[in-house]
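Copied over from TrEMBL, here are the features:
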DOMAIN    148-258  domain 'Acyl-CoA oxidase/dehydrogenase middle'
BINDING   T152, G191  FAD binding site
DOMAIN    296-461  domain 'Acyl-CoA oxidase C-alpha1'
ACT_SITE  E446  active site, proton acceptor
DOMAIN    505-685  domain 'Acyl-CoA oxidase C-terminal'
Amino acid sequence: MANCLSDFPPGPLDKYRKLASFDWKQLSLFLNGEEFLNYRNELYNEILKYSVLLEQTDQTPTLDELRRKTTQKVFALKLVRDSVTARTNCNYADMSFAESSLAYLLDPSASVKRSVTFYMFTSVIASMGTERHRHFIENCLNGEILGCFGLTEIGHGSNTRGMRTTATYDPASRQFILHSPDFQAAKCWVGSLGQTATHGAIFAQLVTPDGIKHGLHAFVVPIRDSKTLVPYPGVKVGDMGEKIGLNGVDNGFIMFDQYHIPRENLLNKIGDVTEDGRYVADITDPNRRHGAALGNLSDGRINITSVNMCYLSKAVTIAIRYAAVRKQFSATEDDEEIPILEYQSHQHRLLPHLATFYAFRTFCKYLLEERDKFQLLLNKKSIDVHRITNTGLELHAISSACKSLAGWYARDAIQECREACAGHGYLKASGLGELRSNQDVCCTYEGENHVLIQQTSNWLLRLWPLVLKGKSVSTPLNTVEFLNRAPQILTSKFTPNSFEELTEPKNILDTFQWLVCYLLKLSFEKYESLKQHSLHSVESKAFWAKNDSQVFYAKSLSIAYIQHLILTAMSDKISKAADFKIKTVLEKLFALFAVTCLEKHIPFLYAGSYASGPTAAVLIQDSILRLCKSIKNDAIALVDVIAPPDFIVNSVLGYSDGQVYKHLEAAMLRAPGALSRPSWWKEITNWKKNIHSKL
Ligand SMILES: Cc1cc2nc3c(=O)[nH]c(=O)nc-3n(C[C@H](O)[C@H](O)[C@H](O)COP(=O)(O)OP(=O)(O)OC[C@H]3O[C@@H](n4cnc5c(N)ncnc54)[C@H](O)[C@@H]3O)c2cc1C
């Protein structure tokens with residue numbers, strides 16, 4: 001263990017480090033495991049070999065310079081991963097989380113660009129293509145060609161069925177002809193397309209010579225010559241310009257003008273076109289084909305969940321370390337000033353976010369492992385279609401909710417941490433502003449959160465009729481096994497009378513199971529009633545009933561479902577802790593995450609008659625404060641467990657030595673021109689002569 005984890009430099013954080021009730025190295029080992037820590041160290045050491053990855057600048061570079069540097073980092077990060085995975089035998093879950101906790105925090109733009117260029121492009125080909133496309137994967141992973149993933153269009157994003165780029169088969173030339181009818185059909189937002197991609201996995205409506213549309217299909221589309229980067233005739237490709245974050249990524253647009261590509265470039269796993277122009281597909285139902293075409297997107301969402309949690313970990317590292325050092329006010333004139341971490345409101349602002357990371361850490365590992373098992377299932381020689389379909393659907397339901405929730409949690413945590421660091425948090429050198437701008441888009445890409453989370457409730461709502469008919473509910477990942485007891489659960493009551501009873505893991509999980517059953521029943525009934533009493537046409541009743549039962553119903557259901565799953569994963573992990581001190585602190589974090597979530601569900605507990613009288617609401621609020629207070633002395637050690645290395649924290653407020661003022665002073669003095677007169681100083685002294693009204 002000593003090799004995996006190094007001690008922190010001495011400094012102002014020592015006071016709180018000494019107050020910790022547990023050994024942070026033991027907790028790190030228990031939470032992460034030796035394999036993860038070793039892999040992360042390997043990754044870290046490999047990163048240190050590339051000077052381009054270590055460059056830090058206080059100044060905002062021009063867009064062009066940022067793009068150039070980011071692209072250099074993309075290649076360096078690819079070499080880092082290739083090298084470490086070639087010599088380390090690490091499981092997928094650990095590898096993936098380590099990537100999020102180092103590469104994504106080091107440079108979000110370069111990591112996102114690397115991901116779309118090399119992995120997203122190849123993963124679409126691997127899952128939707130066949131043997132004839134293998135060379136594209138090999139060439140991309142060798143860096144001969146550079147990929148991108150193009151689905152979104154100017155006029156349509158979430159509504160993928162509305163995409164209007166066409167790929168019409170021409171039997172005479174045995175080619176597909178890609179065409180964008182107008183600007184609204186231009187592919188847009190495509191990462192890496194703006195300046196560098198040579199090939200794209202592009203989604204278009206497949207049309208056969210008889211004029212029949214067969215729905216969205218993916219094609220490998222050559223975009224630029226890989227030797228010159230000059231776009232091919234027939235494509236109009238460009239960069240979308242500056243964004244509010246992730247500016248190292250060249251998000252681009254593309255329009256096709258009767259652009260020909262070989263027939264073989266259709267990724268033909270779900271459907272193919274013969275040389276003479278006949279459409280052939282194993283899946284005959286167009287709806288199922290559409291699902292299959294987009295069904296492999298769970299991977300990205302699972303990764304974004306981890307990435308979000310790593311962003312959150314960086315924010316709480318900065319804000320909690322700063323809170324332990326920053327002092328304001330004293331109780332009396334003679335007393336010493338008090339670290340702001342001692343204030344109740346400050347604890348309440350920061351510590352629930354710390355608990356969120358711990359809750360998600362175990363859950364992310366569980367999720368990444370399930371994703372890995374699913375991949376093995378897909379690769380098996382004897383394919384069990386039924387099991388694959390059902391596992392894919394359950395993973396889709398899980399990833400749709402946890403990607404959304406993780407995005408919202410990280411967004412809120414980063415903003416709270418920025419405000420908690422107040423004035424100095426607003427400095428670029430705090431690192432929080434950039435973190436906020438780069439995380440922001442996690443709520444939008446790979447499925448806009450509000451639209452995406454509907455996928456989870458849709459899946460759950462399909463299970464409720466089984467409960468009503470008294471049939472068994474059985475799903476491959478067993479995430480809703482408790483629905484089989486729904487009738488009993490729905491008659492149960494909130495019984496805790498004390499802090500200890502409320503925070504007991506079994507009672508917490510029971511409460512969340514009640515919430516899921518209640519919200520599922522409520523959402524189902526709301527949907528059915530809206531459908532029945534709808535004034536809309538017969539064909540559109542279900543559509544409007546679904547839309548009108550989201551707020552307070554289906555959305556809350558998806559959230560409660562995923563929170564229950566997160567808590568279950570954490571509770572399982574805690575039950576394996578042999579060290580009493582580690583078990584105790586993890587139980588507190590479990591309870592804090594749980595009661596913070598429950599606080600938002602209080603209206604449901606009363607509306608559903610699960611709780612009555614003031615006890616439940618008062619206990620939940622009291623427990624939040626009590627837990628914050630009792631975690632406070634452990635906060636710095638808990639941060640030490642999850643903090644990235646200093647050069648990745650890269651924040652004057654959040655370094656592990658806690659020398660906030662020393663780093664702050666150095667950063668201010670380093671700022672270009674900090675102590676000099678501006679070159680345009682005469683414009684100030686003569687301003688009355690220089691500034692004139694036009695009139
Ligand atoms: C930085 C960045 C990188 C990206 N990278 C890529 C990429 O590499 N490849 C790619 O193909 N795409 C990419 N995207 C596009 C991204 O996937 C889309 O932005 C996303 O799918 C949402 O689509 P939209 O922006 O068109 O929003 P819309 O679908 O138009 O949604 C607009 C708003 O309406 C709401 N809304 C829509 N429908 C409903 C409904 N039924 N019920 C309730 N509310 C609804 C949404 O919640 C949203 O707030 C990227 C986007 C960004 C910002």
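Note: Cβ is positioned from N, Cα and C throughout, glycine not excepted.
Feature annotations (TrEMBL) mapped to structure.
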residue	record	Cβ contacts under 8 Å, 6 or more apart
T152	FAD binding site	K187, C188, W189, V190
G191	FAD binding site	V112, K113, V116, C148, F149, V249, D250, N251
E446	active site, proton acceptor	L297, G300, R301, I304, K403
Residues in the domain 'Acyl-CoA oxidase/dehydrogenase middle' (148-258) grouped by DSSP into helix, strand and remaining coil:
6 helix, 48 strand, 57 coil
